[in-house]
Structures are given as structure tokens and as C-alpha cells.
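Here's the structure we're looking at; comments come further down.
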Amino acid sequence: MGDMANSSIEFHPKPQQQRDVPQAGGFGCTLAELRTLMELRGAEALQKIEEAYGDVSGLCRRLKTSPTEGLADNTNDLEKRRQIYGQNFIPPKQPKTFLQLVWEALQDVTLIILEVAAIVSLGLSFYAPPGEESEACGNVSGGAEDEGEAEAGWIEGAAILLSVICVVLVTAFNDWSKEKQFRGLQSRIEQEQKFTVIRNGQLLQVPVAALVVGDIAQVKYGDLLPADGVLIQANDLKIDESSLTGESDHVRKSADKDPMLLSGTHVMEGSGRMVVTAVGVNSQTGIIFTLLGAGGEEEEKKDKKGKQQDGAMESSQTKAKKQDGAVAMEMQPLKSAEGGEMEEREKKKANAPKKEKSVLQGKLTKLAVQIGKAGLVMSAITVIILVLYFVIETFVVEGRTWLAECTPVYVQYFVKFFIIGVTVLVVAVPEGLPLAVTISLAYSVKKMMKDNNLVRHLDACETMGNATAICSDKTGTLTTNRMTVVQSYLGDTHYKEIPAPSALTPKILDLLVHAISINSAYTTKILPPEKEGALPRQVGNKTECALLGFVLDLKRDFQPVREQIPEDKLYKVYTFNSVRKSMSTVIRMPDGGFRLFSKGASEILLKKCTNILNSNGELRGFRPRDRDDMVRKIIEPMACDGLRTICIAYRDFSAGQEPDWDNENEVVGDLTCIAVVGIEDPVRPEVPEAIRKCQRAGITVRMVTGDNINTARAIAAKCGIIQPGEDFLCLEGKEFNRRIRNEKGEIEQERLDKVWPKLRVLARSSPTDKHTLVKGIIDSTTGEQRQVVAVTGDGTNDGPALKKADVGFAMGIAGTDVAKEASDIILTDDNFTSIVKAVMWGRNVYDSISKFLQFQLTVNVVAVIVAFTGACITQDSPLKAVQMLWVNLIMDTFASLALATEPPTESLLLRKPYGRDKPLISRTMMKNILGHAVYQLAIIFTLLFVGELFFDIDSGRNAPLHSPPSEHYTIIFNTFVMMQLFNEINARKIHGERNVFDGIFSNPIFCTIVLGTFGIQIVIVQFGGKPFSCSPLSTEQWLWCLFVGVGELVWGQVIATIPTSQLKCLKEAGHGPGKDEMTDEELAEGEEEIDHAERELRRGQILWFRGLNRIQTQIRVVKAFRSSLYEGLEKPESKTSIHNFMATPEFLINDYTHNIPLIDDTDVDENEERLRAPPPPSPNQNNNAIDSGIYLTTHVTKSATSSVFSSSPGSPLHSVETSL
């Protein structure tokens, strides 16, 4: 049989090697022997098997297993195997305890500085700078000593320590809940991943962790191999081993050439059967993980940030990051055939920047920079005004000279002014934003699980809210994927229902039963129903299940045929793939000849038919004219009824004329048509309504299918994707390519832009067509807004399109492991309606963040202006240090929790998507922010300057330093908090709706937080005393504060009345970053790709990491210094009490990147290194040409970037290589 792709081993070991040597636990192989064997490849491996075991059957005997029956499924035997050979599981790293996480949080440099600052401020509260009593220094040096000074200083130090404790606890809790959520998600995915094995002669689906050495495993297209093994039998098997070897080409496997299969590799084509020889830490991938894990722990001690040590491990292709902040690990290629050049190329690809899909992150980045700039300008102006005010008053108005002894006092003032400037900057940054984004995404992801959406990449959740187009598969997503044959053409007769067996000639019936039974995957079966009265269970490929069901409907059974001709007796198999669109199987006949059975798409296979069986079962000629008649009279009517048409044919080869089996075109030709069947796959009843919802929501749904154009059009009409009378396009793949390519065969974006807006159905399409369409829509700039595209996929070849899409949906039931790995969200029920729910949740996330932004920016605008004017006019702040701590730390945190957990409503689907370019802060939101800021500032300044007259109380404006808290400033603080509390209710609506209470009781978290905050505020005001700079208020004063707060709701209605369109002066904010703002260095990254979307979003990632994190870190560091410096230099009795305002410890959640990716958590340093890496060289400058290597390039890069999720050492081996 030579080079046959389908090779099976004849089990005849050599006589001298038939003696099985009993070894470990009664088995004939030791663990070390098997590990050594699996390190070999190709001819070397075959030679070793031959020398040591005779052949694969000898190896099976040594392992006490049967190549056809498998293990006996005996619990004791399985347990014994686990003890001797290990279990298919990598021992998990122990989760960190809460105290360990607290200790880690304390290691933060900023917090250490804050801790030191707190201790120093406690010590310095008793320190008096020299020269403060000197008359020569003028009135700046103050007057009488205050007894409460030491106490007040102690309170300031305690306030800083309190803020540190709060930050540490919140950070530790965040990390703990993140780790818990990740482990929960990981274990759920692990339980769902199963693999097919043969035990007791029965095909069983077992969890991958239950695989043992000696199991006989069925390998099929799309599988991710969970263990190492040796092939027993293979049909046209091709494996992608790039994850281990760095070899990008698919490797053909056969029992007589290269039988070694490795865990973590993907089956790209064909099927087969293997005996498992190594599992868990003893498999090739497991050995690498173990080595890396050991190196990782040492490395972790050296470098907490997880930077990778140079050396052997850097030449890796696959990167597997440990989720819990551990070291990023890289797999070293095993014996790569390509040598150093290949290795270098793969390394560059592995280090290439990961595609960042999040539209939201780009907008938040831009907004953060805008806010930062505004804050910087305000703070600079504040410092300049204060310094000028002080210098003019001291040295010009009072005519004093600079004395050496007064220098510490003057320096103290200058430091104080600088601190005020920094405070204005700090107040300007919305610290609660990272937390709001984290909470909103984490909350949504958890809830989306109940809606059958398993989110693998967090940013996909919010990106889905912006989706403008969905490219959906037909089978299983829009349809039920329970297929049945309802029409057939047999023996010159078109049957509209299942024919009676007696109506068919025995020869036709016999040929049909054999063609279907043999030329189908033997793993595909029809099993009895689980419950009485239920439908029979379909296991395996659904189209083949329909054909096997047809055999049963004809009162025949396929199982006896399969027993008569077992799988290892099949001579040659041409497996189905997206290029062939057919499957063919060759068997040897008793007379020494061969018979080929073939099945496939009718219009493709009929072209290869030269004969057809007539009503008597005899051959008659089948000319092109006959074929055209058949297409017109049989196939088109079936297709117009929405049926998939499959042709079943055969061909006989006489004993003397064995063809060249590798010449497929010659072998699968000159066929005789047995039958054409029409298979029905009913539309899911809930799909038409779901598509209507999408269309109302401004989302265009397109169907991309491999089916016949008429079938696709009929199903699209049933679903509501196309409506009668609409101007739309339904194209076949060939026509689509003709329209979008130029004379040279290159894709032109201009041509694509003429096709895709009207395209609704793409039939007879290949995965490349799907990728081309998705890329073309994403890259297009023709419409009013850039498109955000979601794609569904289930096949191995859908990987490139799923990766390219903004959001890739894989099928949880029908999807292959490869498709799941490439996806962002897995639909656990394979249902289109779940995509609509994902849109709803995505829009909800976007709105939640916008709500929080509206609330937070109102607080920030007011606080900045109050701080600025307070410092410049009264040289004091109405809001004291600990009060600011309460507002910034507690209210922002609580508000982010309250606004980020709003449940989604159907009304979210009644508006158009935002798209890529829509700003984060709309003009309506800007109107709300500025409108409420005007109201709040008017109230606060009125209270500040005339409040004491209105309430008939003492003014707090000119109170000496460290004097008891005044009622005046307490009223201002209380009113400020009340206004924020009621404005939080206003912030629930961001599109100008009037009823801000709509659905408020459906969110118990919001109600609890608002009431809880109000309760704590009462405690602070009435019993806070000196630590909170509060004086108890009377009932009347409380009622006035509440009255002003409720005024926010009334004022909100006034603002809603003003039409936004009339306010031309309002600008939107928070657009996505534009190309013109990018640096040359950033533009150089990924230069070979003509992909503006990726370029734009990659820049968002760079800015986010480099910009916001650094700004926030610098702010926190300066703030920490501010607190300690101030306490050291504070003049004891300055009438200008800026002191209380300045030592405001703020709550800042640690870096955005640290908090957001609960699932896809990547270390900042690691990301920065990746982002600075040079772009990978383009394999082919013409990215649009047919041969541009789209698939290979995308796939190779993915293994470096997508294994983030898998790398938790707790995952079983099957998930070592996937993002799952």
C-alpha cells in the first residue's frame, strides 16, 4: 500500500519479539520507556517500535489493551494505570491565600511610599520649623499656639494609613475574587471538554482528565489532542504541530510513515485511531510545562513582574502565561525541521503585538489623555496664581526681604502651593473608572453564562455592544442541526417522501445502504432515544446522521455492514474538507478489484458522474444535458424548499487496473450516480424574531454558508435575513471572488466596498471567502461609521475569520476545539438568539461605563473648580482631607459598583449601534455633566460666601488652623454629598430619558448602595467629629441639605427639556484615537498589514499601558510625597488652612490592566515588551492575493498569543494549548 494516507497496521509481530516482558505493575512497558519513545519522530520512531515491540499491536499487548476493543473499563485497572503512568492532569499551583494577596498588595511601590509618608507625617506633626516665631518673617509665620495641633496632626497621619489599608484590602479582594472566578471558569471548561475513546468495544465520550495510558482514542478533524499516542490506523490524517515544533506546515501522519501524535497539537484534516502512550506531566507538552514550571518558580523569586530569562526558552513559539500573576512561560520547539531561520521567524511572530480588539479601550485611552491634559493645565494655573499671590503680597505689598532664617518657612509655602496643584490634577483623574470597567465586565461575564455565552476574552463583551454586522453560519446556528432526509431521487423517480423499500430495486437499495454505511465516519451513529417517546439520538456529523437515518427509514441497518467491513479494512479514505466538499472511501472487493463510494454536494459530484442507475438498477449514460435536466427538475426544486442536496455515487475498479490512489481527480471521476437526497434542517423557531431584533437594533445579519445558493436563499427568507422586494445580493463564492478581484487575482477594497453593503447571503463559500468578507467589512471606510463585525464559526478552517473578526463566536456543541480556541465567546447552546443576548449585554456594559463617566466627571469638574477657586480666593478648601477621602474613595467605589451592575433591558435593542467612531461622551452626556456642574457650583459657592448669613451661624472661612470643625463647612460638605447622591440617580439615564427611576427596583445593588451611603453620611456628619472635620447638624439644617440634593432631580428634568441640538457649543469627548496622532514607532508596528482597525486599536493598547498607568502612578507617588512633605513643613498656626485640604489620601485602583482582564490577565511589563517588539516579517507582500498564506500566518501567530487562558497549571493537558 506504500504511501497510502489511510494506512492500517497488520498485527503480525516478529517471532523473536513476541515474548512480552512483564515490567511495571504487570505491564510490558515502563514509564521511562514510553517517555523515551515519544521523543522520537518519523522513521526513527518506527524503527524503535519495531525493535522493542514488533509493531503497534505488540505495543498494545504490552500495555494490555486491544487495538479494536480498547480497555475493559475496569475501575481497578484504570486506577492502576493512573498510579503507574500518571493521570492526564497537570498539578495545579496552590491558590494564594487572602493574607498572601494582602502582602503582595503591600509590595506596591506607591503604597510603600504612602506607608512611609503616613509614619513620617505622624512624627512630623510635632515638628516646628526654625524661624516660625521670627517677626522678620512677617504674618506668614502665624500666631498663638493651638493645643489641638498634635491631635490634628495625628488625625492626618491616621487618615493616610486608613487610605493605605483600604487600597490594600480592595486590591487583595479584587485579586482574590478574580482568581476565584478564573478557577471557576477554568473548571467549567475542563468539565465540558471530552474526548472519544473505545472501551469494551463501545465508543465513549470521557472527560480528558480521565484518559489513561492504554486507552484507544478516536482522532478526528478539529480535535485538540489531549495526550501523546501512537497511530494504529489513519485516514488522510494531517496534524498542525506548530505549537510544539514551530513547523507551520501541516504534517501528514500515517501508521507506516510517522505514527507519533503529540498532545497540544491540532487535527486539521482526516481521522484515525491511536493508543495513548503518555498523559499529563509525562506527555511531551507536560514535560515542557514541568520544566518551565520549575524554572518559573526560581524566576519568580528573582523578578516579581514575570520577565522572561534569556536563554534556551526564548526560542519558543508558544507562550503560556500563568493566570495568577506567575511567570510567563514559553515552550521550546522540539526538533524543528526548519532550523534557526524558522525559529527566528517564529520568535518574532510570538513577540509580535497581540491584536487588541477593544473599541472601548481606545476611547477610554483618548479620554484619559484629554482629562489628564485639562487637569495639568488647571493645576499649573493654580500653582502659578498661588506663587504670584504669595510673592506679590510678601515682597511687594509688605516690602519684605528674603532672609536666610525665613527660607524654611517660605519653602514650606512653595511646597504647599505645589501640593495644591498636584491635588487639582489628582481630583481631575476619574480614579473609579478602572474599577467601574472591571466590575461592569466581570458582572456581565458572570450573568452572560446564564444566557449561554461563555466569554473567553473580556473585551469581547463590550465590543459586542458596538457590533454593526453579524456574519452567521447557517447550519446549527440559524437551524436546529437535526437533519433528516425528506426527499430523494432514486432509480429515475423523484420521491417527495421516504419510499417504501419494496418500491426500490434490491440492487439500488443494497448499493445505497453500503454507500452510506461505509462512506461515513464510523463514529457517526444513530442511537436509541434516552427517554421513551423521544427522538433517536444523533451522534457525530449531522449530515451523515441524516443519511444513516434514511437507511433506517428504508428498514435496513447500517451496523451489520460496518461489522462486515470494519474501519481498518477500508483501503483508502479521502476525508471531507472545505475544498473537496465531498468524501470518498475505497474498499477491496472479494474478486481483488476495488469499489469507491463517494458522497458530496450534488452540483459538484454530478459533474463527475458519467452514468446513473435506472429503475431496474442498470447503468445508463449520464450526459451533460441529462445533468442540466436533473438540476432543473430535481435539485433546484429541492433547494428552493430549503433542502440541502447530497449526491451518492460509486465506481468499480477491476482487479487488473489499480489506479494511482494519490491522483484524486482521476480516482474520483467517471462515477455512477446512485441517488440524490434532499436533507431538511429546520430553522430554529426563535431565530426569525431574534433576527428582527437585530435589524431593529441597526445590526445587519449576513448568512455565510457552504450550501447551494437556492437552499441558502430559501433559509435566509425563512429567517427574515432577506425580505421580498428588498434590494439585496445573494452570491456564490465564485461570483463573489469574481466581483472583488482585479485582473491579477488580487482583492481590491474598492471592489469589495461595492459588494458587501448589499450582500446578505454568501453561498458555496470557502473559509477563505469568509475571512475575505470579514476583513473587507472591517477595513472598509465607505459608510458613515466604521463597521464592527461579529462572526460565528464551528470548523477548524473558520479559525482565521474568527480571529480577524472583532468578536468571534464558536459553537459550544458542534464547534471544533480549533474554532473554540480562535473565538472570543463560546455559544454553549449553538443558538443565534444567544448572540442577540450578547449584543444586549455588550450595550449594557458600554452604557454602564458611560453612566459612571457621567457621574464621575460631574464630581470631578465640581471638585476641581472648588479646589481651584478655594485655593486661589480663600487659600483654603471648603472640603477637608478626610472628607475628600470619603468622597473619592468610598463614593466613587460604591458609585462604580451601583452604576456598573444595572441589568440590561430590551430597550437597549431599540437604538442603533455606536460603531467604532462614536465618542464615549455624547453631546447629551456633556450637557448633563456641565448642567449638573453649574447647579452644584452655584449651590456650593452660595453656601461658601453667604451660607453663614442664611443659616445664622459662624463663618468657617477665616477660622484659625486646627480650630474645631465649623457648622458652616459641615453644611457645605453634607450638601455636596447629598447632591452627588441624588445625581447618581440622574446618572442612570444617559440618552436624555425623563424617567430616571425606571427599573430602579430591579437593581437591588443600586438601591442598597444609595441607602447605605446615605446612612454612613449621617453617621459621619453627626458623630464624625474632629477626624472628619464635621460638626453635628440640626434637623432643619439636614432638611435644607436634603432639599438641595432633591433639587438635583428637578434640575435634571430642566436639563432634559433643553434640546441638545440647540447647544451647538457642546463638544463630544472620548473618540477613538485617530491615525494622525500615532507616532512613527507605533505606525511601524505591523507595517506589513493594510489594516487600519488593528493599527488604531493597537495604538489604544500602547497608550493605555504607557499613558494612563504612568500618569496614575506618578500622581499617586507625588500624592504620597505631598502628604509627608506637608506634615514636615506645616506651619502650626497659619490662618490659611490649606492643610486639611491637601493631605487627601485618594483611592486609586491599581493599574487598569491589572484589574480588567479577569480571564485574559496579562502582565503590563510583558505587554510593553511585546508592544515594543519589531513587527513580524510579512510572508507575502501581497496580503490580498489568493496565495497570501492567510491561514498559515494567522494560525502560527495565534499559538503565541492565545494560550493565555490555558496556562493555568491546573488545567488538564487538553487545554494546555488553547485559550480555554
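Backbone N, Cα and C define each Cβ position, glycine as well.
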With respect to the membrane, are L552 and F945 annotated by Swiss-Prot as being on the same side?
no
Out of 565-574, 1045-1054, 1115-1124, let me know the one Swiss-Prot marks region 'Calmodulin-binding subdomain B'.
1115-1124
Please find, within the list 202-219, 418-435, the residue stretch that Swiss-Prot describes as transmembrane segment.
418-435
Which listed span Swiss-Prot calls region 'Calmodulin-binding subdomain A', if the choices are 989-1006, 1097-1114, 1133-1150:
1097-1114
Which residue among the binding-site residues D794, D798 has the fewest other Cβ atoms within 10 Å of its Cβ, if you could check?
D794
Tell me whether D794 (Mg(2+) binding site) sits in a helix, a strand or coil according to DSSP.
coil
Do any residues of this chain, six or more beyond the ends of the transmembrane segment (962-983), have a C-beta under 8 angstroms from a C-beta of it, and if so which?
146, 148-149, 152, 855, 858-859, 862, 878-880, 883, 886-887, 891, 895, 932, 935-936, 939-940, 943-944, 947-948, 951, 953-956, 1010, 1013-1014, 1017, 1021, 1025-1026, 1028-1031, 1033, 1037-1038, 1040-1042, 1044-1049, 1052, 1132-1133, 1137
Might you list, by sequence position, any residue in that chain lying six or more from D473 (active site, 4-aspartylphosphate intermediate) with a Cβ less than 8 Å away from its Cβ?
M703, V704, T705, T792, G793, D794, D798, M811
Short question: most Cβ pairs under 8 Å with the transmembrane segment (1035-1056), which of 365-384, 850-869, 921-943, 1003-1024?
921-943
Please report, as numbers and ranges, the same-chain residues at least 6 past the borders of the transmembrane segment (1003-1024) whose CB is under 8 Å from any CB of it.
886, 890-891, 894-895, 897-899, 901-903, 970, 973-974, 977-978, 981, 984-985, 988, 1030, 1032-1033
Within the same chain, where does the topological domain 'Cytoplasmic' (984-1002) have neighbours whose Cβ lies under 8 angstroms from its own Cβ atoms, ignoring anything closer than 6 residues to its ends? I mean 6 or more beyond.
847, 850-852, 854-855, 858, 895, 898-899, 902-903, 905, 911, 922, 924-925, 928, 932, 1010, 1048-1049, 1052-1053, 1056, 1060
For the topological domain 'Extracellular' (1025-1034), what's the mean pLDDT in this predicted model?
84
